[in-house]
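Working notes, beginning with the structure itself.
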Amino acid sequence: MEQPPASKSKLKKLSEDSLTKQPEEVFDVLEKLGEGSYGSVFKAIHKESGQVVAIKQVPVESDLQEIIKEISIMQQCDSPYVVKYYGSYFKNTDLWIVMEYCGAGSVSDIIRLRNKTLTEDEIATILKSTLKGLEYLHFMRKIHRDIKAGNILLNTEGHAKLADFGVAGQLTDTMAKRNTVIGTPFWMAPEVIQEIGYNCVADIWSLGITSIEMAEGKPPYADIHPMRAIFMIPTNPPPTFRKPELWSDDFTDFVKKCLVKSPEQRATATQLLQHPFIKNAKPVSILRDLIAEAMEIKAKRHEEQQRELEEEEENSDEDELDSHTMVKTSSESVGTMRATSTMSEGAQTMIEHNSTMLESDLGTMVINSEEEEEEEEEEEEDGTMKRNATSPQVQRPSFMDYFDKQDFKNKSHENCDQSMREPGPMSNSVFPDNWRVPQDGDFDFLKNLSLEELQMRLKALDPMMEREIEELHQRYSAKRQPILDAMDAKKRRQQNF
């Protein structure tokens, strides 16, 4: 594999002089690394230092100053366990975000390339670095909100670093992007879904889900519809491994401590760093073989794609000369969902699936206000993080975009399905309010019900879910409309100016 050039001097951040130049004067863009829901990512070299960097090119349509202001917050972070942010440029209609380059890619990329899930030793080593990154962010009073294998990057030495803590989410919230994948809730903590207020330990729940994802190839509930998952996560018991007997007691206990439904009882990053599963983690050198294997596979695939492109171009030229007809493209379209992953227990190999289905646009870094920071400072002693009560976050999960599409369809048939959209007395009688799932998760009362009553409750779950989805949709619509009105008013003032 191509080795990055030797650094003339290590890049810490872009100088003021560099930021006043055009980005092409400061960087040599080498190749495209990938396509995200919010833009393209390129590999580039910083000319002055010779250091390899990653550049995200994000289309910007409005509120540029607000985006730049939010991105600048990332400059506060300086940790070897967090992907560094060097600066940003505005060129034409794109925002160029310059960040640290991690040559091995994300953990989910490595799993997908190798068609194998990770071993316990590999998972423990990755989790140790990830927890150190979370401990740093949480001490800085920042919540990642999008912890998953796709946002844990590895460099070629095997060091894991947290990525996209705030950038992707903040841009998503501000830009009103189009053609994005519906955000999935599989990694989200119950308190985030329930909108009851949350703090840093919401990331710990996501880390527990990520642990299962690395071990099994996908998070719990990945095989069901995301809209159903948002009701199962808060109401069901915490998820665990599909086959617990395959995993050690230490690993099982670590995941159990992450996936405690009550945030007050959930462990912090600092506490989990003392867990035996993490304390016994092996050095990062154990990751080098799987990184080398993944990078070799990636290089071979790149060569194959180049050959296929050359052959397609040759065939295209011949077809155009012969018949002037359109050349048929590959039958596999972008975004097509493949079969979900399966794993053979012996070799831990897994059939590759399209991870796009599991991609999430939910990552938004939450910055506490100055008043909250002052309160938190009073609660800190001897460098140990103390929990603080947080008010409900005024944010709209991306999976609610699904409701907007459904609402549009419903309005076009409003005259013929009004009775279905408005639950009548009969639907209310099927699941009275006292049948709602208890918030404390205590289901012991079910033992006292008759078989007939239990069957009726089970039958009522689906219509109950539909009604709760409709109520949730109406609640978010009521919150969303004033924001849209304010944005429209702001745009009109700018146009008049």
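Cβ atoms are placed via backbone N, Cα and C, with glycine included.
The local packing around Val41 (ATP binding site), expressed as other Cβ atoms within 10 Å of its Cβ over all shown chains, amounts to 18. Sequence annotations record features per position, and here Swiss-Prot assigns ATP binding site to Leu33, Gly34, Glu35, Gly36, Ser37, Tyr38, Gly39, Ser40, Val41, Lys56.
The Mg(2+) binding site annotation in Swiss-Prot covers Asn151, Asp164. In the three-state DSSP assignment, the secondary structure recorded for Asp164 (Mg(2+) binding site) is coil.
For the coiled coil (287-328), the mean pLDDT of the prediction comes to 78. Residues annotated as coiled coil in Swiss-Prot, with sequence analysis given as evidence: 287-328 (among others).
What Swiss-Prot lists as coiled coil is 366-387 (among others), and the listing cites sequence analysis.
What Swiss-Prot lists as coiled coil is 448-479 (among others).
Sequence annotations record features per position, and here Swiss-Prot assigns compositional bias 'Polar residues' to 326-343.
Annotation source Swiss-Prot lists domain 'Protein kinase' at 27-278, citing sequence analysis.
Swiss-Prot lists Met1 with the feature N-acetylmethionine, giving similarity to another entry as the kind of evidence.
A coil conformation is recorded for Ser15 (phosphoserine) in the three-state DSSP classification, outside any helix or strand. Close to Ser15 (phosphoserine) in the fold, though at least 6 residues off in sequence, lies no residue with a CB less than 8 Å from its CB. If you look up Swiss-Prot, you'll see Ser15 (among others) marked as phosphoserine, on the strength of a large-scale study or a structure entry.
Of all Cβ atoms in the shown protein chains, 20 besides its own fall within 10 Å of the Cβ of Thr117 (phosphothreonine). Mapped onto three states, the DSSP output places Thr117 (phosphothreonine) in coil. Annotation source Swiss-Prot lists phosphothreonine at Thr117 (among others).
Residues or ranges marked as phosphothreonine in Swiss-Prot (evidence: similarity to another entry): Thr180 (among others).
The phosphoserine feature in Swiss-Prot is assigned to Ser316 (among others). All protein chains considered, the CB of Ser316 (phosphoserine) has 13 other CB atoms within 10 Å.
According to Swiss-Prot, the phosphothreonine annotation covers Thr336 (among others), on the basis of similarity to another entry.
What Swiss-Prot lists as phosphothreonine is Thr384 (among others), and the listing cites similarity to another entry.
Per Swiss-Prot, phosphothreonine is recorded for Thr390 (among others).
Here Swiss-Prot flags Ser391 (among others) as phosphoserine, drawing on a large-scale study or a structure entry.
The shortest Cα-Cα distance from Gly39 (ATP binding site) to any of the recorded positions (Thr117, Asn151, Asp164, Ser450) is found for Asp164. It is 69 Å from the Cα atom of Ser316 (phosphoserine) to that of Ser450 (phosphoserine). In the structure shown, across all protein chains, Asp164 is the one of the recorded positions Glu35, Gly39, Asn151, Asp164, Ser450 with the greatest number of other Cβ atoms within 10 Å.
For Leu33 (ATP binding site), the same-chain residues that are 6 or more apart in sequence and have a Cβ closer than 8 Å to its Cβ are Val41, Phe42, Lys43, Ala54. Under DSSP, Asn151 (Mg(2+) binding site) is assigned to a helix (H, G or I) in the three-state scheme. With respect to Thr117 (phosphothreonine), the closest of these recorded positions in Cα terms is Asn151, chosen from Glu35, Asn151, Asp164, Ser450.
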